[in-house]
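Visitor: Okay, handing you the structure first.
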Amino acid sequence: VLSPADKTNVKASWEKLGGHGAAYGAEALERMFLSFPTTKTYFPHFDLSHGSAQLQGHGKKVADALANAAAHVDDLPGALSALSDLHAHKLRVDPVNFKLLSHCLLVTLAAHLPADFTPAVHASLDKFLASVSTVLTSKYR
């Protein structure tokens, strides 16, 4: 459960991304594909090379979804319902992949926002991403 301090940290962190959300989302995806090659199986039709338009486009989708979740942190199930349906019923993404992407997002944010990535912010973002992952996998059951 996200505390009031966690929610404040999450919202502040997402505001600090500014116009870089899409680039950071793409970088996190690229990190995931390089570190965990089995995750590429869900993207057989994508050009996964560095800087590809498809990678950038999906990075933007990830960043936009997380920005929406951060803006609606008090109602994650409502904010992510359509994405949960998509990933569970149509795409059938293995739930472990959400944890892998969450880890890569944390690494990316830490690399780009080192002064802001305090232990408290790290913990808050980790809890937030775990909550997002839980919601996204809730319809698998």
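Count begins at 1; order follows the chain as displayed.
Glycine too: its Cβ is placed from the backbone N, Cα and C atoms.
Found this in Swiss-Prot, in case it helps:
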DOMAIN    1-141  domain 'Globin'
MOD_RES   Ser3  phosphoserine
MOD_RES   Lys7  N6-succinyllysine
MOD_RES   Thr8  phosphothreonine
MOD_RES   Lys11  N6-succinyllysine
MOD_RES   Lys16  N6-acetyllysine
MOD_RES   Tyr24  phosphotyrosine
MOD_RES   Ser35  phosphoserine
BINDING   His58  O2 binding site
BINDING   His87  heme b binding site
MOD_RES   Ser102  phosphoserine
MOD_RES   Thr108  phosphothreonine
MOD_RES   Ser131  phosphoserine
MOD_RES   Thr137  phosphothreonine
MOD_RES   Ser138  phosphoserine
Visitor: Using C-alpha atoms only, work out the spacing between Thr137 (phosphothreonine) and the residue listed as 'heme b binding site' and round it to an integer in Å.
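Guide: Here the two Cα atoms lie 8 Å apart.
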Visitor: Which of these recorded positions is closest to Ser131 (phosphoserine) if you go by CA atoms: Thr8, Lys16, His87, Ser102?
Guide: Ser102
Visitor: Identify which of the modified residues Ser3, Ser35, Thr108, Ser131, Ser138 has its Cβ surrounded by the largest number of other Cβ atoms within 10 Å, counting every protein chain shown.
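Guide: Sorting the candidates by Cβ neighbours within 10 Å, the top entry is Thr108.
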Visitor: Taking the Cβ of the residue listed as 'N6-acetyllysine' as reference, which residues of that chain separated by at least 6 in sequence fall under 8 Å from it?
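Guide: The residue listed as 'N6-acetyllysine' has long-range Cβ partners Leu113, Asp116.
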Visitor: Cα distance, Ser138 (phosphoserine) to His58 (O2 binding site), nearest Å?
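Guide: The Cα atom of His58 (O2 binding site) is 22 Å away from the Cα atom of Ser138 (phosphoserine).
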Visitor: When you put Thr108 (phosphothreonine) at the centre and draw a 10 Å sphere around its Cα, which of the recorded positions Lys11, Tyr24, Ser35, His87 have their Cα inside it?
Guide: Tyr24
